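See structure below.
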């Protein structure tokens, strides 16, 4: 299907927006009136630019407060509308969005609204254009698409149809099934937006928090299916008001937007992608720095074994069973340690890579020699490189390229439990869409965790099996600006106390946890003083959910990286969120 | 009355918070449990530090999910409570906050809750402490302070009282008048918070958006009056969860918090301040730069007359009637032009200054020679220097200090209509409190205006008469970070077209307004093509509200400063908000 995007979704000037939409692969745009009004480019220049860029101008929007008014008022409405119809002719735009009246309606009568829309339609037809009537979720009288359609039916004019907007319908909880009762030829336009599940007034929700499809909580797959069953064959068009997208780089937002429609078309089966395959485990995590020495020491203390240097690259592999960390000093001048890449094990890397490419994930290129495994790789929105490997569990197909190390001894670590990534605030929603659409990770719990410098927002995305879990963390602005927000890898084990004890014997100084925390543990849980004393000696933290328990400890931070070791018992399914505030206070760089 | 603040209001570690509270002049603090748990300082160290700083530890909080539970559950509650009572003894804290149950309540019965609170009270009394029961706005069964009081009455134990929190009561719209039915001796604690009028779920509203008294929309004066009538004589304590305050500099937030209580005590008459006097007009606005030359040129084009150089300072005065701009090159090395100071005319500067000092507004010192007027001055949270002068209208008492210029000719400007100030996002709420508490300006309309780089939040504060209007603007993060967000002075006139024409003749190039804007004006308003053509030639913009009209134009930006000239007709009371997006697009530094 054709794709389109409203210019209000994007930052910059109108011409910036047209360039970005075209470059991201959209077929057309909706012209948001304030963008045109503020543009120094004439309508003729806009048409010429769109022509050169190969995009169409699909909709002129919005026209407000048109119907349900007195006859006196309606005269002004018609004058205003005629001026816009002339402008639309100059722009070569066929359809104008007419919103249900919010400000000036005084007559709550379908017949009056229908009569006024019919007369607007007659005027539109004189100019060779048409109007698409949309029920705003906060329309004064018309706030339901079913009523908007009744009014359009009554108006009974070929230049009068409806515009359907997923936000206005789903935010109100209206059943979209009745969309199928509208003939496709009367659905003049379709606007798509997702949104997070928020409990707030619908106007603020709409104006500030809309998201691209796949980034929020709406069931857009079933919504779109209802619309397609009408026979609608106009564009799938995005209309997303979002405070973040309004200020971030226009090209990036346009590509993110385009990806959301690719995902949605796959979801409804209208343009299938290579199938999604949930990762079955972490293949490796890579730490990159000019000198990873301190990280190597930490890994040794935690019980990972040095498995060797890479044949052709300046990288070392550390492993314990399926827990694998690559320390990479390639192309890392002046870099302090940070998490640079995460490898996932998938059933068929070639298929997953084809899906990633179809979703416009930017490819990462690394020099690979003929004798080496070539892992497809893509760059996530936060800059993390995502590699796709075909190994499983303890096996990594590329491990033999690392030579000169030892094989592991008795494995105490059982793998990588989860990886915590720092997300710049500009990237958060795009990251959620990336990890869910490319890798099929599911959106799980979201938490806000207090730190000494503000709340940290933490969103987990994970595979259904729990084999791969990522926590996406947005740091408070002040922390984010003053120093990199630390990222970490959490290793899993069946005996966290043993891992901690061995690590301490090898010289590890665990992150210092205050005695006050342990006093509180005694108050909260049925733990003996002796149990808690051992925890305190090893820097262990503890949490419970239902029947399950979670015991874990942290290393100090090196550069922007630290490590955690966790033991889940009896199906504990969280991440120790009640302890995160204690951890963040202990990690406070200003402490 | 004694004042206190919950540590959760402030950023940093627990010891940072104690220092900041003491330095800001609070008498005590509430210890927020997670702050203690995350602190490496032992309870004894905290007590010793508080002793040295001269602040008391007034409350331990919160204790959750205590009552309305099964007997089995209640055993665990009592065990947990006893551990906290021991801790309170170590801390020397007399009162613990017990919140109404959110998570574990299964029994909706006042008698059960009362019995359980009574037993907690007995345990508390054994440790020499007491509990204050508070109805959370989202408590599962107990969500109204009147019910919490009934339960406390039923519990009938000397160690069981209520805690009143303005947020939990006012957010639900509960009438605070019934507070007076509670005996003062049973009000164990009082927590104060303001909040903006938001329509969202009360939990998110409470956790993220609370404000200090005077910064929001709650009527805290009448709330506190009801509480004081009970005979309550404990501290006025602030408990404000706010995403911004959690991450901004702790000392600054503490001073802001303390100011809010000073304002509130004045409001209810318990500790009166020198009276507030609304300013009667702008005395002057000062532009500071190493070289203000370009600004001088603009002012001359707009019709202001050079009135002379200051006797002893490197400053020049430009005026037209009561519109006065001081161009100051003193102490301005490397500075590009910015708005540095705003002078207000007040009935008695000494009284207003005494009020400002009592509200802890930081004093600004400037060298003043014996023969010169000494204007009291204070620094607003955004850094703007606020001067208090005694002149009125066309008279400025200090104007004779400027020598060697000309007197004005025929005045076309009638004064300063409003001043737009840029507010860093960290300062916004504090700025609102500053301008309202110190100068008595009232909170007026709030708008969100689109710019090519995101939404600009604009809050007007003004005198009742309209003689002084300030628009406080928070720029989108991206714009704010990349270059200073421009500030401006709007001059008023009764003939904006004449001012514009004269300015253009003198060489002014008005801010370029797109032709598309004028086409839209024709569609929106009943204006002739000829009228609009003249507007376009002069760069005039136009708006209407009810009967009134507003016509205005902008200069280009020099450094971070530009000017506007506005003509209000027939009582137009806004600021041309519908045109602000066009202006911001035209000012886009990336354009």
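Placement of Cβ uses the backbone N, Cα and C atoms for every residue, glycine included.
Of all Cβ atoms in the shown protein chains, 24 besides its own fall within 10 Å of the Cβ of residue A:165 (divalent metal cation binding site). According to TrEMBL, the divalent metal cation binding site annotation covers A:134, A:165, A:191, A:239.
Residues or ranges marked as domain 'VOC' by TrEMBL: A:281-391 (among others). On the 0 to 100 pLDDT scale, the model's mean across the domain 'VOC' (A:281-391) is 93.
The domain 'VOC' annotation in TrEMBL covers A:415-568 (among others).
Around the Cβ of residue A:564 (Mg(2+) binding site), 23 further Cβ atoms fall within 10 Å across all displayed protein chains. Under the DSSP three-state reduction, residue A:564 (Mg(2+) binding site) is assigned to strand. For A:418, A:488, A:564, the entry in TrEMBL reads Mg(2+) binding site.
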Assigned element (helix, strand, coil) containing residue A:191 (divalent metal cation binding site), judged by DSSP: strand
Nearest to residue A:488 (Mg(2+) binding site) by Cα distance: which of the binding-site residues A:134, A:191, A:239 is it? A:239
If you tally other C-beta atoms within 10 angstroms for each of the binding-site residues A:418, A:488, the top scorer is A:488
Close in space but at least six residues away in sequence, with Cβ under 8 Å from that of residue A:239 (divalent metal cation binding site), the same-chain residues are A:6, A:8, A:9, A:30, A:165, A:167, A:191, A:192, A:193, A:210
Other than A:418, A:488, A:564, which residues of the chain come within 8 Å of the Mg(2+) site, judged by Cβ distance to the Cβ centroid of those residues? A:417, A:419, A:420, A:471, A:489, A:490, A:491, A:562, A:563, A:566
Using the CB centroid of A:134, A:165, A:191, A:239 as the divalent metal cation site centre, which other residues of the same chain sit with their CB within 8 A? A:97, A:163, A:164, A:166, A:167, A:168, A:189, A:190, A:192, A:193, A:237
Taking the Cβ of residue A:134 (divalent metal cation binding site) as the reference point, list residues of the same chain whose Cβ is under 8 angstroms away and which are at least six residues distant in sequence. A:97, A:98, A:99, A:100, A:145, A:148, A:162, A:163, A:164, A:165, A:168, A:191
Summarise the domain 'VOC' (A:281-391) by DSSP state, stating how many residues are helix, strand and coil. 20 helix, 43 strand, 48 coil
Count the other Cβ atoms sitting within 10 Å of the Cβ of residue A:191 (divalent metal cation binding site), across every protein chain shown. 24
